[in-house]
Amino acid sequence: MAACPMTTTPLPGHPHVHQRDGALHTEGVRLADLAAAHGTPLFVYSKASMLDALAAYQRGFAGRRAQICYAMKANSTLAVLQLFARAGCGFDIVSGGELQRVLAAGGDPAKVIFSGVGKTRAEMRLALDHGIACFNVESAAELDVLDEVARAHGSRARVSIRVNPDVDAKTHPYISTGLKGNKFGVAHDEALALYRHAASLAGLQVVGIDCHIGSQITDASPYVDAMDRVLDLVDAIEAAGIRIEHIDFGGGLGIVYGAPGDDAPPAADGLWQQLLAKLDARGYGDRLLMIEPGRSLVGNAGLCLTEVLYLKPGAQKNFCIVDAAMNDLPRPAMYQAFHQIVPLAPRTQTPEVYDVVGPVCESGDWLGRDRKLAVQPGDQLAVLSAGAYCMSMSSNYNTRGRAAEVLVDGSAAHLIRAREDVQAQMRGESLLPD
Ligand SMILES: Cc1ncc(COP(=O)(O)O)c(C=O)c1O
Ligand SMILES: N[C@@H](CCCC[NH3+])C(=O)O
């Protein structure tokens, strides 16, 4: 079946992915060539797309004191971290392992903030060894442990308290973090007392305040509400004589996944201009502003290439079985998330409706449901918006090796992670003695 010739057409929401002459490209690179060179499943990232996303935040902060700390849990591949480090970003980390990745990628530990409800003493010590910018403390118990660890370490830990503002981010319940019922942060009405306590501890130095209300947020109003709630607290904390040097508003801005009927998120520059105007109006425009974006910097910069293995028609459903699976792309199985799936070379045949599924032995192993596709075995597909929370959440389930990753920079493609083989997976395991 012949591929139909087309001119260059960018995919909506994916300016660096386009169809040219009947073949899908990222920047100047034909994706079928990458699949042939590296096999599938294969993650492909666009450097220009990541830097464009970062530039939108930088435009929003032009002329302000601001530090962007990339929330590396979204995509923690070393070359991606290196790219953001070179562009001046700091990092929001949630484990000692993430700090080690920042260091390996050449990131500056003095621009690292450490979030998360379960920091261990060993992780605190590692972060103190490297002089990170701030611990975002999430409970009274953690605050006391950090004080003890810092005093034993002979240093003072710089701290913010993560405040749970109890606002509804209107996102999937698993990725909403700023409601009373979520495990994150300190309740708004308990925060002032905890700040007073923190200020009295010799091992701690209060430097800021932090809040993060959730992820894949597509509406500006929860940010505005959260900012008001946080600034009310800053008023009270400063009235108690405790100076708040920086205000960290977390991350959470959504991206366009392209599901029918989905709301488009506000652009980063416009959102931040709106929020900064509020900060000025409340008299805090002179403070260092910190943010922790993840998904919005990398999500639409990545796609995952996969090959159709088999077509399996059925009485109720047709299945398009591909070589990528829930271990590579866990978001559909975990959150019923929608990712667009497009053929690399569109066919002229009449499309059929398929569930696109992987080889993993779970009925929840699907990548797309009820998708209209004109495909044959051996065809390649691109699962879009796969730059965030895909590779970083991948697993070896069913003893599948993690996929390789390529970063495209103009017309050059760099292999930034080799496909993982089973031998590598088994390293560190041992059999029982005879
Ligand atoms: C504390 C914290 N900061 C930043 C982020 C980044 O969020 P996102 O990828 O939605 O921008 C998250 C994830 O939700 C987070 O938990
Ligand atoms: N893993 C989630 C986002 C989690 C955000 C981290 N707090 C997703 O894929 O949408």
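Each Cβ is built from the backbone N, Cα and C atoms, and glycine gets one as well.
Summarising the annotation, TrEMBL assigns domain 'Orn/DAP/Arg decarboxylase 2 N-terminal' to 53-298.
Residues or ranges marked as N6-(pyridoxal phosphate)lysine in TrEMBL: LYS73. Around LYS73 (N6-(pyridoxal phosphate)lysine), the same-chain residues six or more apart in sequence whose CB sits under 8 Å from its CB are ASP92, VAL94, GLU98, GLY294, TYR389, SER392, listed in sequence order.
The feature pyridoxal 5'-phosphate binding site is assigned by TrEMBL to GLY252, GLU292, PRO293, GLY294, ARG295, TYR389. DSSP assigns GLU292 (pyridoxal 5'-phosphate binding site) to coil in the three-state reduction, outside any helix or strand. Taking a C-beta cut-off of under 8 Å and a sequence gap of six or more, GLU292 (pyridoxal 5'-phosphate binding site) has these contacts in its own chain: CYS69, TYR70, ALA71, ASP92, ILE113, SER115, HIS212, ASP248, PHE249, GLY250, GLY251.
As annotated by TrEMBL, substrate binding site applies to ARG295, ARG331, TYR335, GLU362, TYR389. In the three-state DSSP classification, TYR389 (pyridoxal 5'-phosphate binding site) falls within coil. Within 10 Å of the Cβ of TYR389 (pyridoxal 5'-phosphate binding site) there are 25 other Cβ atoms, across all protein chains.
With respect to ligand 1, the binding-site residues ARG331, TYR335, GLU362, TYR389 contribute no residue with a C-beta closer than 6 angstroms to one of its atoms. Closest in space to ARG295 (pyridoxal 5'-phosphate binding site), of the binding-site residues given as ARG331, TYR335, GLU362, is ARG331, taking the CA atom of each residue.
Regional average pLDDT for the domain 'Orn/DAP/Arg decarboxylase 2 N-terminal' (53-298) in the model is 95. Close contacts with ligand 2, defined as a Cβ under 6 Å from any of its atoms, occur at ARG331, TYR389 among the binding-site residues GLU292, ARG331, TYR389.
Taking the C-alpha positions, the distance from ARG331 (substrate binding site) to GLY252 (pyridoxal 5'-phosphate binding site) comes to 16 Å. Within the same chain, the residues at least 6 positions away from PRO293 (pyridoxal 5'-phosphate binding site) whose Cβ sits under 8 Å from its Cβ are TYR57, ILE68, TYR70, ALA71, GLY251, GLY252, LEU253, ALA268, listed in sequence order.
Shown in sequence order, MET326, ALA333 are the residues of the chain, 6+ apart in sequence, with a C-beta less than 8 angstroms from the C-beta of GLU362 (substrate binding site).
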